[in-house]
Each structure stands twice: as structure tokens, then as C-alpha cells.
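Swiss-Prot has this to say about the protein:
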- 176-186: compositional bias 'Basic residues' (COMPBIAS)
- 96: phosphothreonine (MOD_RES)
- 144: phosphoserine (MOD_RES)
- 155: phosphothreonine (MOD_RES)
- 165: phosphoserine (MOD_RES)
- 188: phosphothreonine (MOD_RES)
- 75-114: region 'RNA-binding' (REGION)
- 151-164: region 'Multimerization' (REGION)
- 144-153: motif 'BC-box-like motif' (MOTIF)
């Protein structure tokens, strides 16, 4: 019988970032209690030899599964040492892969306190509102002018340690374009 291949999107991530993300997840599961209901599966509990860990995040009757891998083929850079992350949304027998932005938005719908658009109406009507969002990674759009004005009144409280963001876990910090700060150069080289 022929081998059957299944292709998955795996985000290449360096091992220190995966390690930091795992410790943030464990902290908020076991110490702060903000990730109540999440399930962490260790590498020795998985039958697959390349799976380093799995985090199962319940989202109503569905769940988000963030799987970290080790021992993968290395990328084109030296620091891509065979570590990776896949993000999957599962409901009963159906599963699909999602990108880090959508994963953060899904997490934000079910977990962590937020100062949402509905708070604008409550504030105008004179009700007390809590203008803080604990999970900023779940917002990927600019809010309305009223929303921005109300959030400008009270600065968001920084949580220590930060909440685990899937987007932050998978972001490519190695291949970002370099920014030059105030580089003047010689007058002959830049045309002056």
C-alpha cells in the first residue's frame, strides 16, 4: 500500500519562544486561574514522536488545539532548528487549521475580561464600566472614535506575566525589515 500524506501548516518558531509560551500557558492555568478549563498535554502523553506538547482550549462546544512540534526539518536559516506550531479548530469530527490572528480572536471571545464596544453605550447611559481589556492580542482592528476616546481616558493595566498570545508565539521576529534610526549618511551619497 502506498503512503498517504497529509499536509499541515506548521509555523516555524524558535524553541525559546515556544518555551516561554508554554510557561505562560501553565502560569495562567495553574496560578492565576485566567485560563481555567484549558488542558495541557505533555509530550510523553502523545503517541506521535514529533509532538512536543498540545494545549486544548475549549470554545463552547468546539475547541482550539495548539500543537508544538520538535525534530522537524530545519528551515533555510540556522536558527530554524526544527521547532514549529500548528493551530487547529475542532468541533466533533470536523477540524480545520486557523491562522494566529483568528486563534487570538476566538480565545478572546470566550476568555479574559474586555472593555468592548457595548461599554460605550453603557458609559453614555451613565453606568459604570470597566475600561480595560486583559487580552489586547484579541483585537486586530481599530475601534470607533468613541471607543478610542474612552480607552484613552484610562490606560490599560499591564498583566504580569502577559497572557499567552498565539499571534505573538508565531510571529517572525527574525525576518523583519531593518529600521534605520536617524541615519544621515554623507551628503554626496544621498544627493544633497
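Glycine residues also receive a Cβ, built from the backbone N, Cα and C atoms like all the rest.
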Per-residue pLDDT averaged over the region 'RNA-binding' (75-114), given as an integer: 77
Protein Cβ atoms within 10 Å of residue 96 (phosphothreonine), excluding its own: 8
